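Engineer: The ATP binding site annotation in TrEMBL covers Glu31, Asn35, Asp77, Met82, Ser97, Gly98, Thr168, Arg347.
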Amino acid sequence: MAKGNINVSVENIFPLIKKFLYSDHEIFLRELISNGTDATLKLQHLITIGEAEGVELGDAKLEVKIDKEGKKLHIIDQGLGMTEDEVEKYINQIAFSGAEEFIEKYKDKVEDSGIIGHFGLGFYSAFMVASKVELITKSYKDAPAVKWSCDGSPNYELEEVEKAERGTEIILHIAEDSEEFLEESKISGLLTKYNRFNQVPIKFGTKKVNDPNFEPKVTKKEDGTEEKEPHKQIDVDNIINNTNPAWTKKPSDLEADDYKNFYRELYPMQFEEPLFNIHLNVDYPFNLTGILYFPKLSKNMDMQKDKIQLYQNQVFVTDNVEGIVPDFLQMLKGVIDSPDIPLNVSRSYLQADGAVKKISGYITKKIADKLSSIYKKDRQAFEGYWDDIKVIIEYGMLSDEKFFEKANKFALYPTTDGQYVTIDEIKEQFKDAQTDKDGKLVVLYSANKQAQHSFIQSANDKGYKVLLLDSPIVSHLIQKLESTNENVTFVRVDADHIDNLIKKDDNIISKLSDEEKDKLKPIIEAAVPKENYTVQLEAMDSNASPFIITVPEFMRRMKEMSATGGGGMFGMENMPEMYNLVVNTNNPLVSDILNADEEKQQGLISQAFDLAKLSQNLLHGEDLTKFIKRSYELIK
Ligand SMILES: Nc1ncnc2c1ncn2[C@@H]1O[C@H](COP(=O)(O)OP(=O)(O)OP(=O)(O)O)[C@@H](O)[C@H]1O
């Protein structure tokens, strides 16, 4: 038996490994399974290129076995194995120096990451959970099997042993503080988390299935009924993984249903079907495959669940793809798989990394292209998706200039009468009716069809279209649209009386003289709270309401932008609500107010003001009670 000293330059690496990345202890299993997978794929490669004559791969698989009594965990592969010399080289030198380097580099930076420790610790990560590790291996070459063992001190033992089958078995003597890793449910959970798409099949125990070669006998009972013998059950290997997940296949080999089935496989607890998907497949200047799905926005959408999963060669790494996938696409679902994303580095490094930036740019471009192609090929379907996807697209238009340029051509704006129009269509179709006397196209919008019904109605009566823009970031978006489209201005339909929103040349003559107006204005001002209302006398159509409450566009938009962040003026969301009370000097009731005695005047103003508030949903509490009482008095 050979004994040796692992070439230690760090005083003692094992206590460090044990302490390291406390919360990430579980990754030892993924590391060992990755080694077994590599060993199997390497052998397969050697066979393919004729370097392993007479060797057959068979249905090589990995196996994970728990020995609860012996407190051991076995990871077994049928890969290329190692000779004694190779164990010396790969385990005592390469694996060790890998672990040493890794720890040296990151021991002070554990808190810096979230992603550190995802890869790179390798074979020696076994010591995070084991007090002793044995490695028994037989090379595919004609050489004796060897057993290496190490109890966590820098000393190891290496001896020849008997082992019939080719491959490597790792035996972990699970440490007292890590006995959870002897629980079947724990190991099964880890295998599902990290290895459910592993490239080589993994056996974990057996499962019972009906014997396909057994025909249950049917016998006739005395009472004439038939009785079927119970089906014979047999034990078969419980293979926990799918070695060929959809994203590794060619898009041309997949049908729409295959994508849907994969979605279900990925998120078994998600019952909503995805809207559509995007298959990513690039090999230059970086390698990346994957499938991203646009989900249906469910009402109680839990953003935290079912996120995009990042894999490296079919091994799960993380579902925190921040920095790799642009923020606005984090609501998508699916998988990306790339060997080119550096994982054992901090997030800030990741965001500055050139390759990662390219990946993020590529994903954005693919998404924009896919959306554009659906829009062009099947506008109706695209309109059907719009309500579910608009938040993602609008957010993208605001956060990524390149995406804006593409999306600006297909982003849709619904009208209150159920049409969907693009910005170019708005400019084309609305311009005749809605260009004001100064040559500006005024685009009217509403945030709430019900609450702003009367304003929408007045606009429609004039032949104007009103957009229905109700997403939370709409004020930012229209600000962006105004800055990129000359002579186009957006205004909410309740921002003023319709004749003031789109000013045409035809001036309406006021029935009240200037003196009468000067007399009326202070009377009304005295009757309404002046901290919230600015009284404005306007000559309008005599059929228009006498009093109209409007919400000035500029103030409201700045407040909204300030409330949703990234615009407006700081602190504006806390300013009191400001309204205009527009008084229609051509409405006969307004003349009546002017000519009434003081008591009647007050009664008329209160009633008209309350009605105006009512139509804006602003009449509440005591004011509403008084209004109802007063109204009953009037109809008595
Ligand atoms: N099951 C195995 N079968 C054959 N060789 C193995 C096995 N496990 C480890 N090795 C050898 O030991 C080497 C070191 O393993 P280790 O896991 O530390 O690093 P790695 O796999 O090279 O890289 P990584 O840091 O990504 O895990 C491997 O490169 C491989 O040559």
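Quick reminder: no glycine exception, Cβ is built from N, Cα and C everywhere.
Give me the lay of the land around each of these features.
Structural biologist: Following the DSSP three-state reduction, the secondary structure of Asn35 (ATP binding site) is helix. Counting only same-chain residues six or more apart in sequence, the Cβ atoms lying under 8 angstroms from the Cβ of Asn35 (ATP binding site) belong to Asp77, Gly122, Phe123, Thr168.
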Engineer: Using the structure shown, find which entry in Glu31, Asp77 (the binding-site residues) has the sparsest Cβ neighbourhood within 10 Å.
Structural biologist: Glu31
Engineer: Ser97, Thr168: which of these binding-site residues has the sparsest Cβ neighbourhood within 10 Å?
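Structural biologist: Counting other Cβ atoms within 10 Å of each of the binding-site residues Ser97, Thr168 gives the minimum at Ser97.
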Engineer: So which of Asn35, Asp77, Met82, Ser97, Gly98, listed as binding-site residues, have a Cβ under 6 Å from an atom of ligand 1?
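Structural biologist: Going through Asn35, Asp77, Met82, Ser97, Gly98 in sequence order, those close to ligand 1 turn out to be Asn35, Asp77, Met82, Gly98.
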Engineer: Which one is it: of the binding-site residues Met82, Gly98, which Cβ has the fewest other Cβ atoms within 10 Å in this structure?
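Structural biologist: Counting other Cβ atoms within 10 Å of each of the binding-site residues Met82, Gly98 gives the minimum at Gly98.
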